[in-house]
Amino acid sequence: MAVMLVGSVVAVAMLCILGAQAQLQVGFYDQSCPQAEVIVRDEVGRAVSANPGLAAGLVRLHFHDCFVKGCDASVLLDSTANNTAEKDSVPNKSLRGFEVIDGAKQRLESACPGVVSCADVLAFAARDSVVLTGGSPYRVPAGRRDGNVSAAADAQANLPPPTADVAQLTQAFANNGLSQDEMVTLSGAHTIGVSHCSSFSSRLSYSNSSTSQDPPLDAALASQLAQACPPGSDNTVPMDAGSPGAFDTSYFQNLLANRGVLVSDQTLTTDNATAALVAQNAYNMYLFATKFGDAMVKMGGIQVLTGSDGQIRTNCRAVN
């Protein structure tokens, strides 16, 4: 019965995503705001040039938006006196890149007032960040509209934690109509960016005694992480120490060597099916880059608002 229920949930999620994606179009702003994607790309390029770490931040912003009641830019809304917004929930405390979206939106409002949604800006910015760090370009269907609701409790309930195992990750992605293959592929976004020590400190031993790890953690990496993360600190470390600023396959190669920083990363090698997908991506950049673009497009269609639903926010941080 439980299996049938999960299957039904996934089927409904798939139908919702496919229906929403059908309403999104590549080149949606060709007539109404021809410079829309150019403006976003320019703002992202300038920001990432000044601070390369923002590329990973912008990809993460899009993911954290879409996994909480759909890609509606609700992650960008500020808290108010009566409501704690998604961005102030525990899983989102370390999000960054908001000012890049603000800059792009301000320019878009000058060029085409009330036309380009904040949700589409997020989708464009994530794609541009992937390309700037060495990933392959992919076409982003647009036409999303912005939501009016943002609640911290929704983010807490829907975003998979850094301690999630394969079963939990698979369910979280399935709830959003994404397959296990797409889950593994999208996890490859961790080939760029950093993690806070608090996200993995439970894996570290600060004594000379050996400890067993499940999933396993390379001893040399564990020692390096313990030095970088003294007890009580919340420093940041690269999730892909070999090439933290390059969108490549070394993240997957690290997993094969038990050098995944987060439990939710290394756990992908503990299951035969996901381990095989990790191995497929590890040494085939073309395969990974192609699959990643396809998975990002699919993720970008989760529960989108289109047509007359939602609104086009003038300021991404507040409803009109």
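Quick reminder: no glycine exception, Cβ is built from N, Cα and C everywhere.
No curator has checked TrEMBL annotations; they are predicted automatically.
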Name the cysteine that pairs with Cys118 in a disulphide bond per TrEMBL, restricting the answer to Cys229, Cys316. Cys316
Partner cysteine of Cys197 (disulphide bond, per TrEMBL) from Cys112, Cys229: Cys229
Look at each of the binding-site residues, Asp65, Asp72, Glu86, Asp248, and point out the one with the fewest other Cβ atoms around it within 10 Å. Asp248
Those disulfide-bonded residues listed as Cys66, Cys112, and which of them has the most Cβ atoms within 10 Å of its own Cβ: Cys66
Suppose you look only at the domain 'Plant heme peroxidase family profile' (23-320); what would the mean pLDDT be? 94
Rounded Cα separation (Å) that holds between Thr191 (Ca(2+) 2 binding site) and His64 (active site, proton acceptor): 17
Rounded to the nearest Å, what's the C-alpha distance separating Asp72 (Ca(2+) 1 binding site) and Cys112 (disulfide bond)? Just drop the number here, would you? 20
